[in-house]
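Undergrad: As annotated in Swiss-Prot:
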type	residues	note
REGION	1-126	region 'Disordered'
COMPBIAS	86-98	compositional bias 'Low complexity'
COMPBIAS	99-114	compositional bias 'Basic and acidic residues'
DOMAIN	297-321	domain 'HhH'
ACT_SITE	318	active site, nucleophile
SITE	337	site 'Important for catalytic activity'
BINDING	386, 393, 396, 404	[4Fe-4S] cluster binding site
């Protein structure tokens, strides 16, 4: 019995080993598989599923029926988290729906209230159909020009109005001498204030010749009638009174400033007479050399074209075109100085770097009937209101019109809108009547 029992147990153990070797290895039990099995037990159709008789023997077949998905996808969030997410989503939706129409309404209101602004456009070239180019004037230039012209006419207190180069010739001189005097005044005016130029011109009119000034040249019937009236009455036709102890000028003498006296005077003497102007040493050389050229090449009269005038030493485009207008009455170009160059750029008419560029730009579109007056117009504006430093925008007629792109807004008028206070300066530029002209300088 014992021997048979030992044989049976040994046989059973060997049989178990063989079966164990032939059967597949048991599947490893993990946390996810255990959770899946647990969830499978709570499935909706768990009670209706028939038990497989082989389930107990083969555990792997039951696990393969469960989808291998992440636990976060199977489990529903807790009530608190679900409520928080739902509320935040609702809040986001409500905020987005609340803000969107507000933005749209604001945009619509802005579009309705906004008015199209007039664009300020400078002078520009426009190509025509035939391939040629024309220059269109800046926008609103005529409105700016009209306002400034009216303002200057109502208050002509700038130094250029009474002491500009066009006003400094001797009224009783011959036309040839007056043209020469205008040229000399322009040559002296470079880098010099009008008041200083007027004083230097007065010295040349009265002190240039040696041994006294020559007798006056009577060239008009008006002058002859004045002399005849003086001879009959035994006294001057127009009585003059001394001012500040200075006796009035004697109208019986002509100016000493003429070509012949400039040629005869020594450079040292001429330099002392014009010593108040800027760069007087260079100007002395230029005037002496120009006088020789006028005598030798132009029959003792100044040239009659801008190109010929610019051949004279010290004479540039500005002087040439101003001299053509004042001396010959020919307006062939615009005299552009620093005031014209600066102010037109402040207005946005163009973007130029030099006065010569400004001249060419203005001449391309400005009507020719304004070429002569624009210099005096803008120089006076630059001397009284639109100053190089410390512009008085409150005193300008363009204030508040939105026409000047460089206006300093909020500036109150410094003189109640009446321009600058007047200061009287007596400069004897003796006319035929012998009355000294009263010059007005704005402080």
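Quick reminder: no glycine exception, Cβ is built from N, Cα and C everywhere.
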Undergrad: Just to be sure I understand, if DSSP states are collapsed into helix, strand and coil, how many residues of the domain 'HhH' (297-321) fall in each?
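TA: Its residues fall into 10 helix, 0 strand, 15 coil.
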Undergrad: If you draw a 10 Å sphere on the Cβ of residue 404 ([4Fe-4S] cluster binding site), how many other Cβ atoms land inside?
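TA: A count of 24.
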Undergrad: Around the Cβ of residue 396 ([4Fe-4S] cluster binding site), how many other Cβ atoms lie within 10 Å? Please give the count over every shown protein chain.
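TA: Around the Cβ of residue 396 ([4Fe-4S] cluster binding site), 24 other Cβ atoms lie within 10 Å.
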Undergrad: So of 386, 393, which of the binding-site residues has the fewest other Cβ atoms within 10 Å around its own Cβ?
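TA: So among 386, 393, the binding-site residues given, the one with the fewest Cβ atoms within 10 Å is 393.
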Undergrad: C-alpha of residue 404 ([4Fe-4S] cluster binding site) to C-alpha of residue 337 (site 'Important for catalytic activity'): distance in Å?
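TA: With distance taken Cα to Cα, residue 337 (site 'Important for catalytic activity') is 20 Å from residue 404 ([4Fe-4S] cluster binding site).
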Undergrad: Reduced to three states, what secondary structure does DSSP give residue 386 ([4Fe-4S] cluster binding site)?
TA: coil
Undergrad: Among the recorded positions listed here (318, 337), identify the one with the smallest other-Cβ count within 10 Å.
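TA: Among the recorded positions 318, 337, the sparsest Cβ neighbourhood within 10 Å belongs to 337.
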Undergrad: Which of the recorded positions listed here (318, 386, 393, 396) have a Cα atom within 10 Å of the Cα of residue 337 (site 'Important for catalytic activity')?
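TA: The recorded positions close to residue 337 (site 'Important for catalytic activity') (Cα within 10 Å), listed in sequence order, are 318.
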Undergrad: Excluding 386, 393, 396, 404 themselves, which residues in that chain have a Cβ inside 8 Å of the centre of the Cβ atoms defining the [4Fe-4S] cluster site?
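TA: Leaving out the recorded residues gives 346, 385, 391, 392, 395, 398, 399, 406, 407, 408.
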